[in-house]
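In TrEMBL this protein carries:
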DOMAIN    26-117  domain 'Ig-like'
DOMAIN    220-295  domain 'Ig-like'
DOMAIN    392-481  domain 'Ig-like'
DOMAIN    483-577  domain 'Ig-like'
REGION    617-636  region 'Disordered'
REGION    654-684  region 'Disordered'
SIGNAL    1-16  signal peptide
TRANSMEM  586-607  transmembrane segment
Amino acid sequence: MSVCLLWLGLSALWQAADIHAAVTIDQVTLTVLPASNVESGTEVIFRCEASVSQSLSQSLTYSFRLLQDDQVVYAENISASVMEHSLSSVRVSNSGHYKCSVHIYNKHKMSDVLSLSVTGLQIPTLKVKSDIVSEGEDIIATCSASEEIGSLVFYFYENDLEVKRVKSNGNSVKTILTTQKVTEIYLRCAYIVMMHSNAGFSNKSNMVKVIVRDLDAITPQISISPKGNVVEGDRVQITCMVKYPSDLELYLTKNITILHKSHTTFTKSLVVRAEDSGDYVCKAEKGSVQKKAVYTLHVAELFSKPILRMSPEEVFEGDRFNLTCSSNVTSSVKIGKADIKYVLLKDGGRIKEDAEYEDTASPATNGKYYCMAMAKEVNKTSSPHDVKAKVPVSAPVICAVDEVIVGKPFRVSCEAESGTLPINYTLLKTHVPVAHRTVVTAADRAIFNVTFISFPEDINTFTCRAYNRGSSFSRTSEPLTSPVIVPVSRPVLETKEDTISEGSDLTLICRVQQGTYPITFTWYHNRVILRPSIKEVRSSEGRHVIKAIKREQRGNYYCEASNYASETKESDPAKIDVSLALWKQAVIGLLCILLLVAIVIVLIFFCKRVSHPRRRKQETELSVKPSRPKSGDPMRISLTLDIEDNTVLNGTPGVMGRNVWSGNASGSDSDDPPDEDSKLVQPQEVGLCREVPVTKSIEHHYSVQHTEVQVSTPGVLEQADGAALEYAQLNNSEQGPA
């Protein structure tokens, strides 16, 4: 049973939630009556209506909000779907953009924007606390626009000229106006709405007349006694008087100095001096109004302002100096010269009651001195005189500013440790002045430019002289001492020999004749540096050893030398030739011999190979024919061989240029037997690669025989008898096979 009740409760809640969710706001409409553009003071009604759709017919709660420029100006929760809001009398500040929003449950909808424009501003009202005021008195004025709302800016006018502007969060403002004019003035005011400045200015308020009265009653009077000639030391009485001393302030001034202040008439007494001459002003002041009276006082001088003099004008420590104070009598009727008393003072302390003072200059006497002259209660003080004993210049010190290098310019400085500025410095070379400098401030230095020196010992010829009180009191420095750098001379590259065997050590010696240590030597091979530079601290030469030199290391070598003079000099190049090692030369010679032997063997073998084919060819092609060939042979060739007995030539039997064979040859089968005299002669081998020596004294005897060789050629007619083709004589002797 309880379970069923719980189920029914949950179902009801679910249905209620479902009913609430079944609500939608279709449209929200905002209207303004009577119109969106109205005059100021019109009653305006804003009407907001919501159109809602829902699943069940039930009462809904509508939450309406009316917004002006996104700010809520009215809100209401009602059960009706229409909300109205009335403004009984609209003003310019009600102008703006309006929207209406509606909330139902979790639903929300906003209307379109509707603009309301209100034109016309209320005419303000101006009031003053009092319309009759005295000169300089404040005017309290109030400007208000009671019907306007919002923040306003009020403008105040004096005779139609703006004199003040005041901002207010309300519709009225009170302010203070000040005027210096003695006349009648007319005041008015106007305003604008700060948030709606485009609405323009309101019309000006009513006009208020204010009368400003003159304050002649507070004008003071001034008098000085005695009225005749006034001389220094006289006492005068200055009176400042006002008729109506009510609520005012009275001043006595000279230039910008207030001598006395009071609220009523007063008299000022003082002993005057010449510097008291001038205009004295009596001034009465009430509020912002001032009235004044002026009196010019002339005071004759009793005696002149004292003057303190020092002799001599410049003094050095140890010198005597004298101070004298003097003044001239101007009014001899009043006093004489003896009536003037003097007092000498130093740094505010009295040192002597006399017109003269003498002392020896020292640091203790340095200070500000002045004197005072007194007569008839008149004291006059001289202008201060600054006494500062000058310090004689000390012996200067000369030193080189830059590195001193022979043949190059450098700078030297001359400076005294003590001495009052300005100090004059002179540079001397061998006691002859060459340049002058004057040092005026402590930051300055006496720097001299020296063109160059030719030898290191020339550095000691320079001295400098300093003085600050005349050349007769000058001091001279010690001679200049400074390290002098001598540039290196042109180096010479030396080697023990120009040609060196490969694998030997090459020693390169780079030597200079002069140059300040340390000297840096650098060696090059064909313009390529050999290794990092070497500094020889106490030597004028440097050595570089190339271990086990190679053939590719031959070429031009040179060296460079430099020191702190920053001037590098280069030697002449030395050409080094690297020959082969002895064992390499022996190997190459042996290889050459072996190569020649191999070439000879190859040539001999080639000659033999060429001669054997020729002999075999002769044996094959040659056949012996009769000495008289038949007339019927188709071709007859006459071969002439020169037979030379070369026994005489080479001492061995041989055949050269003889008939090799004779006989008849027929192109057809012949039954004729061969000639008995016919022989087959074997041709001897001719040495082609060997020359036969010829001796001019030996005569050659040639025996010529004609042997005819017939060659049968098919289809060729037999040539005429006796036609023979003779072969050239064979001049080369043939040798038999070896």
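Positions of Cβ are set from backbone N, Cα and C atoms, glycine also.
Where the annotation comes from TrEMBL, it is an automatic prediction and has not been curated.
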Could you give the number of helix, strand and coil residues in the domain 'Ig-like' (483-577) as assigned by DSSP? 3 helix, 46 strand, 46 coil
Taking DSSP helix as H, G and I and strand as E and B, the domain 'Ig-like' (220-295) has 3 helix, 48 strand, 25 coil
Using DSSP, how many residues of the domain 'Ig-like' (392-481) fall into helix, strand and coil, respectively? 9 helix, 40 strand, 41 coil
Within the domain 'Ig-like' (26-117), residues counted as helix, strand or coil by DSSP: 3 helix, 60 strand, 29 coil
